[in-house]
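Notes follow once the structure below has been shown.
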Amino acid sequence: MMELYIGSHLSTAGGWNALLERSHEEGGTAFAFFPRSPYGKRSKALDPAGAAAFGARLKAEGYGPLVVHAPYVYNLAGKDEAKRAFAIEALAEDIELLTAIRAAGQEVYINIHPGAHVGQGAETGCRLISEGLNQVFERADGVMVLLETMAGKGTECGRNFDELATIMDGVENKANVGVTFDTCHVLDAGYDLENDYDGVMRQLDEAIGLARVKAIHVNDSQFGLGSHKDRHANIGEGQLGIPFFTRLVNDPTMAKLPMILETKEQTPTTHRDEIALLRGLVD
């Protein structure tokens, strides 16, 4: 039976050790966190001097890759040059912080929402994202950036596999960029994971390559196929349902990846319970 690397998105309050204790409490073997505030301010809780020891402790405890989530405020596809420049600089700083964790032997990725073109058109937006990532990697390149599959809300770029492939093709150092597969977003974008799992995986492989998918955001969907809503539901309580998640955790290609829950904490034990539920679905 395959052991899942799984956990949720955790608060950084209290610093590195408190972060790990929260993971222990939910029974996790992977997790996500924001490296700075949602508005982009650097975190006072995450002292860079403690990053290497944190990474060494995770490695010693057998954790799967961390999937750190960049703040939503970053928009590499935006019109505002000052905001775009901030996103490039801040993402490079995030990579520098996380490089110490990776140097200690613990794999870590940083996940980003690719960006929104805000009326400039998807082609322009995708080009700007590629160019922005190239600038980021000129400053710092010790950690892989994962582009998240998006639901297609508003002017989001990355609303389908082909757009993500276009962005990745524009990145000069291909080894620096991969993909996070968000189950809710992929369904909401119009890919029928519920009824055509194999077909969706073939499309993903043809457009991007399954080997470039490095992490999974494990979320059910409130509104479902083609809704473009991006509204997460708790596991088994949405349009995907338990049969889909059973298929996912028994797919040898996908089940080896770190799985991050981004579902609503309805009770203090929601994520602990969902982690146990998903592990219980493994054959």
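Backbone N, Cα and C define each Cβ position, glycine as well.
What Swiss-Prot records for the Zn(2+) 2 site is GLU148, ASP182, HIS217, and among GLU107, GLU262, GLU265 the residue it adds there is GLU262.
Among HIS117, HIS185, only HIS185 appears in Swiss-Prot as part of the Zn(2+) 3 site alongside ASP230, HIS232.
Of all the binding-site residues given, namely HIS185, ASP230, HIS232, GLU262, those whose Cα is no farther than the 10 Å limit from the Cα of GLU148 (Zn(2+) 1 binding site) are HIS185.
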